[in-house]
Each structure stands twice: as C-alpha cells, then as structure tokens.
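Features as listed in TrEMBL:
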- B:31-51: transmembrane segment (TRANSMEM)
- B:63-82: transmembrane segment (TRANSMEM)
- B:94-120: transmembrane segment (TRANSMEM)
- B:132-161: transmembrane segment (TRANSMEM)
- B:205-226: transmembrane segment (TRANSMEM)
- B:259-279: transmembrane segment (TRANSMEM)
- B:291-324: transmembrane segment (TRANSMEM)
- B:336-355: transmembrane segment (TRANSMEM)
Amino acid sequence: MASAEASPVLELTGIGKEFGAIRALHDVDMQVFPGEVVGLMGDNGAGKSTLVKIIAGNFRPTHGEMRFAGSAVHFSRPVDARAVGIEVVYQDLALSDNLTAAANVFLGRELKRKFGPIALLDHKAMAARALELFGELRSETRPDDLVKQMSGGQRQAVAIARTRLSNARLVMMDEPTAAISVRQVEQVLGLIHRLKEQGVAVMLISHRMPDVFAVCDRVIVMRRGEKRADKPIHETSPEEVTALITGAKEAA
Amino acid sequence: MAMPMESPISFTNVGKIRWWQRGIFASQTGYVLLALAVLLVIMHFASPYFFTQGNIQNVAKNFSFIAIATLGVTFVIIIGGIDLSVGSMMCFSAMITSMVMTELSTPGGLGASLFVHMAADGKTVLANVPGLILLVSILAGLGVALIAGLVNGFCIAVLGLSPFVTTLGMLSIVRGLGYVVSNGRGSFPGGPDADYFYALTSGDVLGVPAPFIYLVILALTMAVVLHHTSFGRHVFALGGNEKAAELTGIPVVRVKIEVYVICALAAGLQGIIISGWLGSAPANMATSYELNVIAAAVIGGANLAGGIGGPLGAIVGCVLLEVIRNGLVLAQVSSYWQQTLVGVIIILAVLVDRIRSRMT
C-alpha cells in the first residue's frame, strides 16, 4: 500500500522541453510513490501530454533528470520505458480491433511453445492468463471475444490488463474516462483502485474533475508548461483546481 | 474495495457470442464458400461435362495458376497494403529462370562448364549433376523476386511511400526489365534439365496436378503461420491498427518488409510454374494478372482495409473465378462475358459482407 516513507518510483527534477522556439515544459519537479494515484490536470496546451510523452520515452527532455526506482534513466524509444516498468494506456487504447482480447493483451510478448525449431503460439496459456488478469481487474471480459465487439469499459480492461502482464510499476492513463458511459467510468475507476491495491503507481491524466477527485491521492496542476500546484487531494477542492487550471489563481 | 478478490468473475452482463456468429460462419469467406457450393451444384445440373475427371483436373490446374500468387497478395492485404507488381513479377521470375537454365545448359555459356559437358557424339549435352541446373535457375528466378520484394518493402516500410504507388512503379520497372533482358522476345526453358522442369511444373501425381499439390502445401503452411506464430499475430495486428502495433513494440518495419518479400516470392514461384505449363516465358506473360489475383483475394474475403483474410479465402476466391470461367465456356457463353461477370461478383461479394455486418 501507499506509504509516504517509501522511496519514489518516479522522480523528475528540473525537466524542461523546447520545440524550437516554443517552450513546452519548464523546470518541472515531481515525485510519484508506489501505490499512489496522481492526477495530472491542466488545460489543452498546458504541457500534460509533453510531460507524459517524456516519461513514456516518446520525447527526450531538453533539460533535467529523470530517475526511476532510484536510478537515472534515459529513454530513446517507448520500448526503453516499458523495459524498466513504465506502461501507458493511450487515449485511443492502442488495441487491434480484429484480434481477441487475449491476443491484444499478449501483443508483442506472445507465449510460445517450442516444437523443435518452430515456436508456435500457446493459445491456451494466453487465454488462461488473460482470464486471470481480467479476474483481478473484475472485468467481465472473455479472452476469446474480439475487441471490436466490446464495450468501452471492457476495452479499457484489455488495455490495463496489458500493463499488468509486464508487472509495470508505473501506469500512466491518458484520458481513460473521456468518451465512455457513466457505468463504464465506474468500471475504469474500479480498475484504477485494483492497480493501486497491487502497489502500482498510477498517473491519471484527465479533464474530468469528479473522476480525479474520486480516485486520486494527489493532484498536480500544469499551466503554461509549468507545475503550478502539487497537493494532496483532501487539502484542495474542485474549485481551487479549476482556478489553477484557468489561471484565476496563479499557484498553490 | 468491498468485493472479495476470491469470487470468480461472472458474465452476467456479457453474452456469449453464438457459434454461428463467429469464426468462419461470420466471415465473407464463409458466404462465398456457400455461394461456391451452390454454383457447383448448378453447374452439375447445367452441364454433364462439369464433374468429369478431365474437367475437374483442368479446373484444379487453372485455379492453381493464380492461387499461389493470391496467397502472397493476401498477406499484403491483411497488413492493409496492396501489391500491384505481382503480374510483372511472375513474368520476370519465369523469364530469369528459363534464361539462366538455357545459359547454364549451353556449353561455352557463362559458367556452363560447371554444369554441363558434351557427350561423346559432340551433339548431345549432358548434365554433370542432374537437377542442379534446375535448382540454380529456380533459385535465380526466386532471387530476383526476393530483391524486388525487398525494394517494395524498403520503400513502403522505411521510406513511408504509399504501397499503391510503390508497387505500381515496381509493376512497370519489373515488366520493363523483363523486356530489357529478353529483348522483348521471351525465353524458353532448355537443356538437359528441361524435362525435370516440365515434370515439376505441369506434371501430375496420381492424377493430381503438381501446381495444386504445391498450392495445398503452401496454403496449409500459411494457415499455421498466420494463426499459430507470433509473426502471423503481428501481421493481423498491423492490419487492424498499425499505430497500436507500433506502440506495443511490434517490429512494424521488419514485419512489413517480410510480408512484401513473401508476396514477391509467391508471385515469382507462380510465374515459374506458369512458364512450365506454357512451355515458355513470353515477355508479355501474366500481363494484368495482378487484377485477377487481387480480385480473387477480395472475393475470398480479404479486406482491403486490412486485418482480415486467410488462405482459405484466397483459394475459394480463385476457385470461384475459375468455376465461373469454366462454366461460361461449358455453357457456350461468349468468353468476353467473363470479365464483366467477375466484376459483378467482386462487388456482390463485398456488398453481401457489408449487409451482413450492418445486420449484426
């Protein structure tokens, strides 16, 4: 469970990013602890996506240092970030519609059985493990169903199950509740609780204030490429966060 | 959370998909297979000659002549690409194969001394190692296909050119090279190994045409590769959502290049087999075959948008085209109607699938 005295799983110091003359991020410090859910909020263009992409290995920061689980890390590709245990659940979920749930969970890391020189897919083992993961996430998802036949909540479960497969230590979720129904939002927030229970740090990037206040332990507000607030959720209010996002209040 | 972790998940809200709504029953391939079965029954009543052994052998042979290339193109279509260069590729591979065979079999020809010598009578050419010339010339034919496939794959996967434009260019390049190397005259397989060549390409085993045997072996291999290897999984993932495939760490560039190489090799092999049946590789061989091949794949259920397709569909598409062609001939309908009908069937097949997916 989350404990304040534990060492941070992710630590950013002085992270900055420039695209030519545009300063997208400036001097961002941030820590994320195991089993903690951090909400990352901000208006469009506030630098949220840039920050997420730096952590996920899509961009290299222009300034600053990134430490993961205590050691300095430099990612040049998303695969590098995944290798140390950072997983991203993308807004469009990055699923292949024409494949089954189990196939999507294991995409790129299929389980195989060797028959002499030939390695064939182990369909049974993958379906069983996928069912186990959906069980842990309490999602009513059949491993053999095609993703294209699934609801938004089930698709989220598939995308999240993928992160559980690798035993990720930090899961970043980009707008997971943006385009789904009320019931499915409940399911997704439940999924985030499951990750937290298992000691995974979660970063929730969202525009939806109620969701952030429902699951997050801490909220970080970005504005104009800078971190303007970093507060435990019980010490702030939706009103204050809104003011910070819009700039009505400069910093907290 | 309140819920205990031990309780098994129930599926109260999620219905099980019925067996007739999944797998082959819910695919265009299934519908076209059904249409084919109906067509076969109609043919049986329409013409007493249709189900004679000779005619069935004929049909089996004829559809095998485009089906191997269709398997290759199906791979490309599954990843959401297209390969227009298959027709030219067939011709060029066949041409190179027969030219190399002839060259190696002519005493005094380039490198021929390694492979042949003159018999004591000074006229008959004998092979030093029987079959070696055949092997080398087929490898040469497949080698040029491999190179063309690599170039296609490189331009599409690495340089990011559109598959349509790249392979349209390759269509012209390869056809042009065919005219250049042959001076427009075409070439003939010759020399001591030519008999083996004809036996392997247009012969039969216990009445089953050789090309049909190759087709069955390749189709079974393709089915295993597509559904039971991680390469096949990646091929489908790439066609379903290329961005997702990339984000999950699939080597997208490598898979794409491999797929275009497979397609070119299948076309090359197909061309070599056709030239054995024709007895030559004319410079205009297999012109516009790419359209038949792509049409067969699409009729069989491969989706040009990517993500769907398979060997069964490719074969069913080819059989359907051939049975219609054969049927029109037996029914003494002018063969000019064939192309028109093929076009109608392409649209019908896709339309039926469209209506079906609207209904569910």
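Each position is counted from 1, following the chain as shown.
Using N, Cα and C of the backbone, Cβ positions are placed for all residues, glycine too.
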Candidates B:31-51, B:63-82, B:132-161, B:336-355; stretch with most C-beta pairs under 8 Å toward the transmembrane segment (B:291-324):
B:63-82
Best-contacting stretch, by C-beta pairs under 8 Å, relative to the transmembrane segment (B:132-161) and drawn from B:31-51, B:205-226, B:259-279, B:336-355:
B:259-279
Candidate ranges B:31-51, B:259-279, B:336-355 - greatest C-beta contact count to the transmembrane segment (B:63-82) (under 8 angstroms):
B:259-279
Residues of the parent chain within Cβ reach of the transmembrane segment (B:259-279), under 8 Å, 6 or more residues beyond its termini:
61, 64-66, 68-69, 71-73, 75-76, 78-79, 81, 83, 85-87, 89-95, 97-98, 138, 141-142, 144-146, 148-150, 152-153, 156-157, 188-189, 197-198, 200-202, 210-211, 214, 218, 235, 285-286
